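Noted in TrEMBL for the protein shown:
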- B:35-58: transmembrane segment (TRANSMEM)
- B:64-87: transmembrane segment (TRANSMEM)
- B:116-137: transmembrane segment (TRANSMEM)
- B:144-164: transmembrane segment (TRANSMEM)
- B:184-205: transmembrane segment (TRANSMEM)
- B:226-245: transmembrane segment (TRANSMEM)
- B:251-269: transmembrane segment (TRANSMEM)
- B:300-321: transmembrane segment (TRANSMEM)
- B:358-375: transmembrane segment (TRANSMEM)
Amino acid sequence: MEQGELILKLRGVSKQFGAVTALKDIELDVHAGEVVALVGDNGAGKSTLVKTLAGVHQPTSGTIEWCGTPVTLDSPGTALALGIATVFQDLALCENLDVVANLFLGHELNRWALDEVEMEVRAWTLLQELAARIPSVREPIASLSGGQRQTVAIARSLLLDPKIIMLDEPTAALGVAQTAEVLNLIERVRERGHGVILISHNMEDVRAVADRIVVLRLGQNNGVFTAETSHQELVAAITGASENSVSRRMARKQGEVA
Amino acid sequence: MSGAQLDRADTRVRHDEGLSGALRAFFDRVRSGDLGMLPVFIGLLLITLVFSSLNPVFLAPNNLVNLLFDAAAIGLISLGVVCVLLLGEIDLSIGSMSGLSSALVGVLWVNSGLPMLLAILGAVLAGAAVGFIYGFLRNKFEMPSFVATLAGLLALLGLQLYLLGATGSINLPYTSPLVKFGQILIMPAWLSYLAAILPGALMVFSGLKTLKRRRDANLSSPGLSVLLVRAGVLTVALIGCVAYLEQGRGVPYMFGVFTLFVVALDYALRRTQWGRSMFAVGGNAEAARRSGISVKRIRLSAFMLCSSLAALGGVFAASRLASASQQAGTGDVNLNAIAAAVIGGTSLFGGRGSAWSALLGIIVIQAISNGLTLLNLSSSLRYMITGGVLAIAVIVDSLARRSRASHGRA
C-alpha cells in the first residue's frame, strides 16, 4: 500500500432510523498512513458512521468507495474481509470465552482442529507488542478489568492486518499509561501504512495523533481541521456556535480569576 | 527451560503447577461457581445410595444394562437439546419430533416396504427439515424459538397421529435388525474393554503431543503427572464400569452408538470453528456477528442438528419398543430430554455447556425413573420427582451463574 493513497471515500452517505436522520450527506476520505479523528458532540452521528463502515448498519443512500471501487458493506464479515477492522465502544467481546478465543473469534486457525498452541503463542506475542498487561489468556473475558478488555479489543482488530482501523472511544476506560500506549500504538499503526479513524471526546488525545480532524454535528459534516487548529475553533465547530456553554464557562472562570 | 515463559511474565498471577496445583485450581473453580459436572456426580451418588438401600436390585448389573438401553434414545434427543441451549434457545417440540420420526419409520418401512435404512434416513431428513423451519422462523421473523417450537409441538403431534391413522400403532418386525438393536444387541466384551481403554490412551497420546508443542513454543504446561493421573483415573473408572456391566449382559450397542454421537459432538463443540462460534453466539450474539460469524447460519445449524437428533432418538425409541405408536414421544419425553441437558450442566442462559451433559444428565434421569419403577411407584410420582429434580437443577444453574458473575467468571 502506497503511503498517502486514498483507501476509503464516502460521498453523500445518509442513514435514517425511521423518522430520525442520523447521518446526512456525509463526506469522508481516509488515506493510507493517516490518522483521521472524528469528533462531535453526543448524538452527532459518530458511532452510527462507524457502524455503517463496519457493516453493522447499512446506509440509506450514498456511495462508499474502497480503493477506487464502489462497495456495499452488507455485513460485518464483508467489512472485515475488505480490511476494515473496528474496535467498538462496547468492545463486543464474548465474556464466556477466554482471551485467545476472543482474539481469534471468526478467524480461528485450522477450523477443523483448532490449533490452540499456535493461537496462544500469537496472542501472547501480539499482546506483548501492545505492552498489554493481561494476567492470563486462558481466563474468560469476564475476569478482566475494563482497560484490559479494551486492550484485548484493540489487539483483536490488529490481528487480521487490516488496511483501516476504526477506534470508537479507545481511551475512555484507560489509565494514564495505557492511554499513552494506545496513542503510541495508533502512531505505530500509521507508520505501518494503515489508515486510522479515531473517535474521541478527548481533544488532547485527538490533537496529539490526528493528521486531520473531521467534525460532525447533528449528523452532518461541519468542517475539517488540523491538529494546529485552536481549541476554541474546534469547540465552536463541534457545538455549532462560537458562543456556547464551553466558551461561556471559560469566560466565567477567567472573570473569577481576574 | 531458558528465560521466562511466554505466559508467565505477569507476576501478579498465582500459577498452579503440577498435581497439587491442579487440585487447588479445581477447588478454586468450584468455589467461584464453576461447578462443571460436580452436581451430577453428587446427584448420582445420592440416587444410588437411596435406591440401592430401598431395593438392592437397583445395582444389579442387568438392571444397569437395562438402564443404559433405556437411556440411549432420550439421551440422543437430549444431545440435540444441548445444541439449542448453548445458543440460549429452546426446542419444545423434540418429543413430538421423535414421535413423528418413529411413525415415519413405521409407515415408510413396514407399511410401504421401503428398505429400513432408507426409512430411517427419511425420518432424520424430516427432522432436519423441521429444524430448518425453526431456524428460518427465528432468523427471518425473529420469532422466539419458545413460541415457534411450541407451535411445532402441536403440529408435529398432529402429523404423527395422521400418519398412524385409525389403527394408532405399527408393530415393527421382531426379527429385524432394528428391533434387535434396541432390545438384545450387546457389544462383545473385547469391544467394550477396548472402548474403555481408548479414551485414556488418546488422552495421553494427544496430551503428550500438546505438552511437547507447548514446551517448544515456550509456553507453560500443566505437567506430565497431571496428564497421567487424569488419564489413569478415567481408564480405571471406565474399565470398572465395563467389568461390572459384563457381570450381566454387557454394554448395549445402542448405548455405544449414543456415546459415539456424544464424543463426536464434544469434539465438534470444543475443537472446531463451528463449536467456537456456537459458544460465541450463545455468549454474545452481537459480538459474534461483528466478528464476522454468520449468526444466522449457526442458529440454523443448531436447530437442524437438534431436530435431526430428536428424529434419530425417535428411531431409537421405536426400536426399543418394537413399535411406532400414538404414545411415542408424548408424556415426559420432552421434559426428560431438556432436564437431562440442564442437570448435566448445560446452562439455560446460553454459552455454557458440553455434550457430555446429555450423557450424564440422562443417566441421572433414567436412574430416578428406573429406581422408582423398581419400587413399584406409579408414573404420577415419577413425574413429580423428575419435575422436582429439574427445578433443583435449574436453581443450581442460576445460583452458580450468580456466583460466577460475582467472581468474574462469566
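Heads up, the Cβ atoms here are built off N, Cα and C, so glycines get one too.
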At a C-beta cut-off of under 8 Å, are there same-chain residues at least 6 beyond the transmembrane segment (B:144-164) that contact it? List them, or none. 84, 89-93, 95-97, 99-100, 103-104, 106-107, 130, 133-134, 137-138, 170, 303, 324-326, 328-330, 334
Contact call for the transmembrane segment (B:300-321) against the transmembrane segment (B:184-205), three or more Cβ pairs under 8 Å: no
Below 8 angstroms Cβ to Cβ, which residues of this chain, lying six or more residues outside the transmembrane segment (B:184-205), approach it? 65, 227-228, 230-232, 234-235, 238-239, 241-242, 245-246, 249-254, 256, 259
Go through B:64-87, B:226-245, B:251-269 and flag the stretch with the largest number of C-beta pairs under 8 Å relative to the transmembrane segment (B:358-375). B:64-87
Looking at the stretches B:35-58, B:226-245, B:251-269, which one shares the most CB pairs under 8 Å with the transmembrane segment (B:64-87)? B:251-269
